[in-house]
Amino acid sequence: ADFVLVWETVPEELSGQKGNHENRALPERSSTIHRTWRKKFLDKLHAAGLHMEKHTARVEKKVVHYLLLSAPWSVLCYYAEELQLRVPLQALPNQTSHWSDRVLRRLGVPNAMAQEVPSLPLDYYTCPFKVNKLQWFLGSDKQDTFFSTTQRHQILYEILATTQYGCSKEREVGVDRLLSEDVFTAAFPLHEARRAPGPGAPHRHPQPQPGPRPRSTSPQGPCEVPPEGPAAGSLSPRQILFQYWASWRKWNKYQPLDHVRKYFGEKVAFYFAWLGFYTGWLLPAAVTGTVVFIAGIFLVFNDVPAQEICKSKDQFWMCPLCKSCPYWQLSDTCSTFMAGRLFDHGGTIFFSIFMSLWAVLFLEFWKRTNASLAHRWDCSEFEDIEERPRPQFTAMAPMTIINPVTGAKEPYFPQRSRLHRILAGLVVIIMLIAMVVMFVVSIILYRTVVAILLSSSGYFWFVASASHIASISSSVVNLFFILILSKIYISLAHLLTKWEMHRTQTKYEDAFTFKVFVFQFVTFYSFPMYIAFFKGKFVGYPGNYRSFLGIRNEECSPGGCFIELAQELLVIMVGKQIINNVQEVAIPKLKCWWHKHKLLSTKKKTAGEGGSVPPEQAPWVVNHQLLAFEGLFDEYLEMVLQFGFITIFVAACPLAPLFALLNNWVEIRLDARKFVCDYRRPVAERAQGIGIWFSILEVITHLAVISNAFLIAFTSDFLPRAYYEYIHDSSLRGYVNFTLAYAPGDFVQHSNATCRYRAFRDQDGNLTLTYWHLLAVRLGFVIVFEHVVFFIGHVIACLVPDIPESVEVKVKRERYLAKEALAENKV
């Protein structure tokens with residue numbers, strides 16, 4: 001069988017036991033409607049020519065029905081032409097190669113990342129399937145192996161997704177609606193258990209024959225390899241993926257992407273190709289960042305301003321940080337100031353420029369890799385020519401129109417109406433983003449209030465650590481808020497995107513992704529942005545402090561905002577990564593255990609209760625115990641947000657790429673294990689690349705350049721130090737005194753004490769000429785930094801072609817072969 005439909009019913013002897021007639025009326029009416037819909041749907045599937053085979057199993061007080069579906073040759077041929085599935089014209093040796101492998105081979109260095117994976121899929125020149133040209137296609141004489149397993153799943157899913165069971169105006173179309181209405185509890189393709197063909201054999205899996213399947217004692221497609229080791233050539237495709245991809249021992253090996261594509265389809269394969277490519281590119285960024293951080297450690301001990309602060313004792317009495325806070329000595333901040341210097345030094349400028357150019361190069365070379373993979377996997381023209389309208393769109397579209405590219409008649413939804421819906425959805429999104437901004441403001445007020453309460457508590461430890469406790473606790477509160485609010489928003493984004501009526505699945509997913517990413521961007525980045533660019537910038541001065549909602553504006557902690565930003569990034573990045581990885585390990589295991597426990601807890605009761613009850617190890621039962629696949633959105637979102645953290649705020653935390661690299665090494669194997677062992681097999685979906693995520697990455701790359709320029713200019717101490725070195729003293733002696741202003745006379749008379757504060761102001765509180773000189777230097781730095789980085793990035797983009805020359809030659813060769821094979825007057 002290629003596909004399984006599952007539904008549950010309550011046996012007649014139990015249906016009358018619970019509750020009175022009134023309480024049962026509503027569920028009975030609902031189950032009657034469900035039965036009617038299910039019967040209509042299955043009748044239409046039978047009329048479409050599908051072969052069906054039914055099994056039942058008793059689980060607790062329910063009967064679980066398993067309907068095994070497969071398509072005969074004639075149905076496969078009809079839909080293959082309808083879906084424009086690409087089939088082979090000519091076999092090629094698989095020319096999979098990695099740039100690192102080629103470099104190491106030229107240098108004569110053995111490659112520790114290479115591995116020999118059995119059953120390597122062949123490469124093919126392909127073209128869209130035509131029934132009347134069948135004899136020109138490779139392997140057309142073998143009907144049972146001609147279409148690949150993933151192609152058969154695509155055909156079955158297309159039939160299931162477009163079959164009506166009621167009124168089309170009410171969207172009563174397709175298996176997805178039936179699943180959401182609980183008419184069916186699951187619909188999935190089966191994992192494969194058969195041995196993968198050898199390297200010389202065609203990489204098409206044999207088609208299961210209609211009719212009863214043999215009852216095997218081993219489950220279909222167990223992912224683990226037997227403890228005694230595999231027999232030669234006996235591994236199933238799923239076991240190959242487990243042993244050579246999902247195994248923790250393969251953490252340093254190349255991913256077998258062609259095997260992943262063959263088993264899960266192009267969309268999943270592109271995600272893992274991008275994740276592997278990104279992780280590989282993180283290595284030079286992580287090494288450079290670690291070197292910059294180590295350089296910071298050495299610079300700290302020879303830093304003159306740091307030594308001045310630590311040895312100042314009671315030389316610098318600082319003004320209170322809040323109304324009820326005490327005066328404090330600058331020497332108390334010795335350790336925090338030195339910690340800040342780990343991140344804030346000359347190496348930071350170099351690393352910011354390095355990471356900006358790294359991001360540009362990463363995206364340019366990913367474009368080339370994407371083009372090579374798209375051609376090798378036969379999907380380089382998928383979005384423009386081959387992609388069909390979504391079944392839900394087809395059912396709801398009010399009119400039809402001629403497609404200008406293909407010339408075929410297609411359902412159509414007016415662009416003007418869609419634009420009105422998109423604008424209405426945009427208003428809802430802006431309202432929710434305003435809510436997030438309000439929460440960020442409340443977190444800022446919370447920090448200030450907590451710092452005041454702790455400072456006036458009288459306990460020495462609380463008074464000394466008030467700003468740190470307030471800062472760390474607010475970071476944790478912010479993280480939990482983000483995780484909760486994102487769940488609510490994602491549900492709303494799904495509803496809005498469905499309402500907007502996007503024609504293809506790619507456009508639907510792009511619209512949904514954009515909505516959710518904008519929201520996640522604001523929630524995750526708003527607080528670090530506040531610390532980086534706004535905190536401590538609008539404070540005022542002693543005797544004339546500015547306030548917001550009656551609370552004095554927050555100042556940077558004594559160690560400066562740079563160390564606070566680094567701390568915030570570490571809490572969000574490391575905290576979120578740990579939470580996500582624990583969730584990814586624990587939740588699937590717990591769900592699988594619970595699902596299995598429910599399905600197998602009553603196995604003893606099933607014997608002798610009528611119906612064909614499959615044995616415990618029947619493949620469809622084993623597959624049903626696994627988790628439903630919920631798409632790649634969460635996986636992409638996690639990685640793209642991480643990319644933002646390591647580029648937008650990299651000036652504040654050079655160790656961010658190292659943490660990202662360590663996380664991603666774990667992430668690749670975790671995700672691989674989920675797909676191979678924990679999830680039901682997803683329907684293979686075609687894709688041309690990573691979709692709108694690439695555009696989002698480009699926007700983040702541009703934002704990162706601007707963000708790092710402003711971060712270095714206005715938050716870092718780099719420019720004030722450089723200015724002091726150039727104008728006053730190259731040894732930086734007296735720099736600390738240079739950065740501190742004296743409190744105005746009115747404030748001193750009122751409080752009977754002289755104090756200092758960080759600012760470039762005179763004793764009347766007016767901004768000095770030094771402030772304006774520094775502002776000019778800062779703005780000049782921003783302009784020069786941006787122009788230099790963007791110019792170099794543009795030059796790199798021009799020098800690196802988007803499509804490799806070898807791929808262009810292959811495309812021309814493939815078009816020539818397709819033209820020859822499908823020519824009407826073939827000699």
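Including glycine, each Cβ sits where the backbone N, Cα and C put it.
Taken from TrEMBL, the feature domain 'Anoctamin dimerisation' applies to 2-257. TrEMBL lists 260-814 with the feature domain 'Anoctamin transmembrane'. Per TrEMBL, the feature region 'Disordered' maps to 194-234. The transmembrane segment annotation in TrEMBL covers 268-301, 347-366, 422-446, 458-490, 511-533, 639-662, 690-714, 775-800.
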Message: Counting a contact as 3 or more Cβ pairs under 8 Å, with residues at least 6 apart in sequence, do the transmembrane segment (422-446) and the transmembrane segment (511-533) touch?
response: yes
Field: seg_contact(the transmembrane segment (268-301), the transmembrane segment (639-662)) with at least 3 CB pairs under 8 angstroms, min sep 6
entry: yes
Statement: Long-range CB partners for the transmembrane segment (775-800) (under 8 A, at least six residues beyond its ends), listed in sequence order, are 353, 356-357, 360-361, 364-365, 367-368, 705-706, 708-710, 712-714, 719, 722-723
Message: Return the average pLDDT for the domain 'Anoctamin dimerisation' (2-257) as a whole number.
response: 76
Query: Excluding the flanking five residues on each side, which residues at least 6 beyond the ends of the transmembrane segment (639-662) place their CB within less than 8 Å of a CB in that stretch?
result: 275, 278-279, 282-283, 285-286, 288-290, 292-293, 296, 343, 347-349, 351-352, 355-356, 359, 517, 520-521, 524-525, 528, 532, 562, 565-566, 569-570, 572-574, 577, 693, 696-697, 700-701, 703-704, 707-708, 711-712, 715-716
